[in-house]
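Per Swiss-Prot, the features are as follows:
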- 1-39: region 'Disordered' (REGION)
- 1-10: compositional bias 'Basic residues' (COMPBIAS)
- 85-269: region 'Serine protease' (REGION)
- His123: active site, charge relay system (ACT_SITE)
- Asp154: active site, charge relay system (ACT_SITE)
- Ser236: active site, charge relay system (ACT_SITE)
- 292-377: domain 'PDZ 1' (DOMAIN)
- 1003-1028: region 'Disordered' (REGION)
Amino acid sequence: MEMSSKRKHSSGPISLRSTKHLRSDTAASPQPLTPDDQTLGEEAVYVLDNEDEDLSHVLPLAPAAAAQTDSPEWQATIETVVKSVVSIHFCQTASFDTDLSMSSQATGFVVDAEKGYILTNRHVVCAGPFWGYCIFDNHEECDVRPVYRDPVHDFGILKFDPAAIKYMPVTELKLSPDAAKVGVEIRVVGNDAGEKLSILSGVISRLDRNAPEYGEGYSDFNTNYIQAAAAASGGSSGSPVVNIDGHAIALQAGGRADGAATDYFLPLDRPLRALECIRKGVPVTRGTIQTQWIIKPFDECRRLGLSPEWEAAVRKGSPKETGMLVAEIVLPEGPGDGKLQEGDVLIKVNGELLTQFVKLDAILDSSVGKDVHLLVQRGGEDLEVSCTVGDLHAITPARYVTVAGATFHDLSYQQARLYAIACKGVYVCEAAGSFKLENTFSGWIVDTVDKRPTKNLDEFIEVMKTIPDRARVALSYRHIRDLHTRGTSIVHIDRHWHPHIREAIRNDETGLWDFTNIADPLPAEPPVPRKADFIQLDGANHPAAADIVRSFVRVSCTMPVKLDGYPQARKAGFGLVVDAEAGLVLVSRAIVPFDLCDINVTVADSIIVMAKVIFLHPLQNYTIIQYDPSLVQAPVKTARLSTNYIKQGADTIFVGFNQNFRIVVAKTAVTDITTVAIPPNAAAPRYRALNLDAITVDTGLSSQCSNGVLIGEDGIVQALWLNYLGERTASSHKDVEYHLGLATPSLLPIINQIESGSLPKLRIMDMESYVIQMSQARIMGVSEEWIEKVAIANPARHELFMVRKVDCASPLTEDTHQLEEGDIILTLNDKLITRVSEFDIMYHHETLDALIVRNGQEMRVNIKTVPTEDLETDRALIFCGAVLQKPHHAVRQQISKLHSEVYVSARSRGSPAYQYGLSPTNFITAVNGVKTPDLDSFIKQVNVIPNNTYFRLRAVTFDNVPWVVTMKKNDHYFPMSEYIKDPSAPEGWRSISHDKELLRLDSDNLNADAMDEGRDDGISDMEPDGEK
């Protein structure tokens, strides 16, 4: 258990944690438990696995009893029961309350065949937006929708259309809660471990277990649970627990995650009552005094002060009882606050002795709005109190609001009970967009926005309505795990990528959540010029370092959607001002990877101005951005860039910014200059630097600083120190970040062209090369004459370049490659190539006359260069939660054949793309048998598909394996929209809707933080693992 958790434990032995038996669909892989996870508490562990993964290391497949041959009676019972059991495949399409958006599988069973009701767990029905379907035993499928989810207890009811099941009679299971007794042999029939049907056997061992705690997610309470040994695992949530008569006597809910064959079942008393109310069409009333009770045995009750007289009376009235109900948590400001205390032993309710949760629930549920009278013993003294019963549904959120990319709702009773706090406040259930706070997905309580209190969701909405786009406001908040500490942040309100304040309200008639745009964005206020001064370096021994401070600005970049395989939704670092008069800043492309983003430049730690992308270098890992210099009244200085390449062994001054964004200075020397290529990312291609001379220096600060410069004593910048995004490690699933120097002379032509008023339109050789030494070159067929020429041309490094990989051509264009893997390049336009900088000749030539060595033979080839403006992404389609785009440059660099121009770049949690396994790096080649070679043809085909209808996608994996995806369209939660690059638009891009009826954009609920961009894992927005 985490130290920060406020979970209370009983004085009894510490038990290992329980797990909800959901099974996640294909997307995510199991996460290792920490030692604390494995030894303390009963917190939530969702079983995330692959279809073919061996789960024996998580839970045993079945106890010994399961291996025994069933009797004929049991066989007949099972044959009847399986016809009522369904496999449920579902998504929670948006994060809500205790759960993030997700896709999973579980089990349910029919309890009313005529009206079409299915009983399953509450954590299956979901507190938030639900979308799913069920599969019957004969593999018929039909849609399901929620009609009821209990606010506290772990059960919910789904509805299906019985007429949709045509090839088998729909049968129901009778609910018999009274048949659950110790020693009864049972069978758990369900979707265990993700299988269509599993039958596990066991014997009921306890009826009086307290509800298991699942940690910081949803947990049941104020009910007893039934315990048995059945060893169910992922996917068995909601399975019926049946006796030999074929009656459902309990509902599978959870189990131990430590390998013990122990499962926990919910008694069916309250589900039966809810089902009867729904059948009659009357509300399922639920009452509460906002107090959690737990069962404690008589010996513990005596230590709390239970008198012998009351113990004798209780034992006489209920001879089989072994314990009583004791107050565990009394919520502040609730009906019981000031009247009940933790440790109170409950004796009577409304004058009747009471020791069971079922009777307590019955009284409270029938007394909403009325007073109940409780007799408790506190420290051996009788105490009578009266409490007004509240409506449990009223303190269970049934609406949420999305604004500026984040999702909010009123704090739920679940969360309030978990942390013993008052059930009030604005809860951030998806901390994203403008409200991405301290790298945590959820759990924040917002106290004030723009210095105005937000005590509830309505107050929060009214405050947010008054805040214009791009405003910066103060936010005061606390995390629910640490309410002692109040945080304050300045947030940048985004109402252009996420323009609407959108309210979602649960509709129990339709099972959907209805969306309403309740406020349009206020236009951004015009920026005003501001003054500032730069810091001065105290005690700096190098005047040049003190002066270069005025050439640094901080750059932050936020992206509304994940494109080009880039793994993060926001990134910050430092850039170098290369033209103060024009507001030009050079920054690493690992910070600004593409131009569908918001860029903010902070000057002198004081002035914040917007910036836009001017130029993206296709190979050298830098971006040039521009801000409006008229808004900056500060002595910003243009950095002077050296025209000469720095040499190995040269003395230099390292000036960089550490992880605390503080400037550091050190005198050092250049240790090496090596031609390198950043390693490709195997999981998902993304931009990486190629064919560059990387500079390393002899100082430990270089590993601590991701951005900076190398300067001479005269203050001239000799090299930029940049961060380079590398590969994702297989072990930690984190991204490696390299810190290397880039010499300035190669930057000057680009900067000079931009300063002259024209944008560079570079052309490149569409290939990746690497250095070979003369010993290799000789073996490959390079003549002695050329080896001598290389030694003369480059005395410092005798090397040539061999083609490692030729980029793949588009399937819609003719393959014009003249180079092949293994070619050794001798000259380009008759100039000997022995340095990376000498490849710059390609930037301004449509064709190059190349002399190469191929298969030991010298030959001349005419190489056609590629315009780099065609390599950048200018369009993105959001469809069923998947981000589709033209294959970007990194894909072409790593693959041998492009199968289409419809490439899956990312997908959102809880979406159809996630549910049905359409993975990032897949290519879509056809829709319903019609070829879709590009985005236009794809849009044309999917536009004719009705909502909530299955269609076929023919796809090809990155490893050239074709497969067919069957997917159901969902326009309600995931309408199709598109981002198109448009220089005339204020942000440089515009969004259009393909939702013909509602004209809604998927950007209304788009969340880059909830997207994953990799093939093999569901982890998103990971911070870099380290540097090399």
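Counting starts with 1 at the first residue shown.
Every residue gets a Cβ built from N, Cα and C, even glycine.
From a predicted model like this one, the values you see are computed outputs, not experimental measurements.
Looking at Ser236 (active site, charge relay system) and His123 (active site, charge relay system), their Cα atoms lie 12 Å from each other. For the domain 'PDZ 1' (292-377), DSSP puts the residue distribution at 25 helix, 30 strand, 31 coil. Asp154 (active site, charge relay system) sits 7 Å from His123 (active site, charge relay system), taking the CA atoms of both as reference points. The average pLDDT computed over the region 'Serine protease' (85-269) stands at 89. The local packing around Asp154 (active site, charge relay system), expressed as other Cβ atoms within 10 Å of its Cβ over all shown chains, amounts to 32.
In the shown protein chains, 30 other C-beta atoms lie within 10 A of the C-beta of His123 (active site, charge relay system). The 10 Å shell around the Cβ of Ser236 (active site, charge relay system) contains 34 further Cβ atoms across the protein chains shown.
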